[in-house]
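Novice: Straight from TrEMBL, here's the annotation block:
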- Cys115: active site (ACT_SITE)
- His262: active site (ACT_SITE)
- Asn292: active site (ACT_SITE)
- 109-190: domain 'Beta-ketoacyl-[acyl-carrier-protein] synthase III N-terminal' (DOMAIN)
- 246-335: domain 'Beta-ketoacyl-[acyl-carrier-protein] synthase III C-terminal' (DOMAIN)
- 263-267: region 'ACP-binding' (REGION)
Amino acid sequence: MYNSKITGLGYYVPDNVVTNNDLKEFMDTSDEWIQERTGIKERRWIDPKTEDTTAVMGAKASRIAIERAGLTKDDIDFIIFATLSPDMYFPGGGVQVQDMLDMPTIGALDVRNQCSGFIYAMSVADQFIKTGMYKNILVIGAENHSGGLEKSTRGRGVTVIFGDGAGAAVLSRTEEEGKGILSSHLHSEGKHAKELVLEGPSTGRWVPEILEKNDPDDVSYYPYMNGQFVFKHAIGRFSEAIVEGLQANGLEKDDIDMLIPHQANLRIAQFIQKKFQLSDDKVYNNIMKYGNTTAASVIIALTEAWEKGKIKDNDLVVLAAFGSGFTWGSVVIRW
Ligand code: ACO
């Protein structure tokens, strides 16, 4: 029986910093409102004059992760790419990264699943390694939100939250017992799909139809979020996913050394921290400087926490996320 273990981590965010005050150029908002409601001070948005795209950022993060794993691109057996903002409607970002990194003709799989995308991707990679099918899997979370947000007062409830960026992990086979990914837990509840949604472009929302109509009141091609509804569900599901992960491994909340929550909203993370009575050094947040980068948020935060030396050998690390779908889940790791 094999286990899977993180052997390399990397992240990349665009250089372009957009502060809350910068947003006032095109919408009626304030630094005070955004910070009080979300904790966000600034986010990174791709400068369209640069080469960055969802896949390009994913490839940049991947190069770092592969190098840190002590591997080369030719050692990677499979790619899993999580995003809700792919560069193209199809194909997905996985094949783009395979090409950008000049990798052999290995398999590449895209995972949607929005803010929970990286949790789902890690879980899928873990299964492939545990069954012995692959040895080294590149798992990527990358998002370009700024390209598709409604940059006006009408869209402010959603637009102020989201940021761009990418992170990558190399998951490798290990025969060490009790190390690496101990378990993963995945859930969904599709009846709430429309509470956090981008309807078009899609096969239900044809691009020509949208373009021909060019209706300024048609918001269905911008993300919609029922903020308070999402907030309420996020708090409950985050907690359930963490408890499920602990119970599956016979652990208690005091066993957690580091919780990396999806960076949805600082208030959600603080609620969870309080509920599980975790000290500040046991929860890592960086939404203040990057905003909510959905499928990239957990892997960017994990990488930063690790780079800062906040994760040590043998630590119990819990990753948890909740997002559109609704989807949610957790991954429990013995570092
Ligand atoms: N700046 C200024 N005012 C604003 C802004 C803004 N950016 N956005 C909304 N407002 C106004 C509204 O128009 C409203 O004004 P009104 O009372 O005159 O009508 C008022 O502020 C309150 O709006 P609400 O939407 O009720 O504000 P709320 O307190 O719910 O905060 C927020 C909104 C921050 C989105 C909150 O609901 C939230 O964080 N929800 C969770 C969302 C979340 O975490 N999503 C991510 C998880 S899932 C994922 O990551 C995909």
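Just so it is clear, glycine is given a Cβ too, placed from its N, Cα and C backbone atoms.
Predicted automatically and left uncurated, TrEMBL annotations should be read as such.
Since the structure is predicted, the reported quantities are computational estimates derived from the model, not experimental observations.
Could you place the listed features in the three-dimensional structure?
Specialist: The Cβ of Cys115 (active site) lies under 8 Å from the Cβ of Leu84, His262, Ala264, Asn292, Thr294, Ala295, Ser297, Ala321, Phe322, Gly323, Ser324, Thr327, each of which sits 6+ residues away along the same chain.
According to its DSSP assignment, His262 (active site) is coil.
Residue environment of Asn292 (active site) contains 24 other Cβ atoms, counted within 10 Å of its Cβ in all protein chains.
Mean pLDDT of the predicted structure over the domain 'Beta-ketoacyl-[acyl-carrier-protein] synthase III N-terminal' (109-190): 96.
Only residues 6 or more beyond the boundaries of the region 'ACP-binding' (263-267), in the same chain, are considered here, and those with a CB under 8 A from a CB of the stretch are 37-40, 115, 161, 231, 234, 285-288, 290-293, 297-298, 300-301, 322-323.
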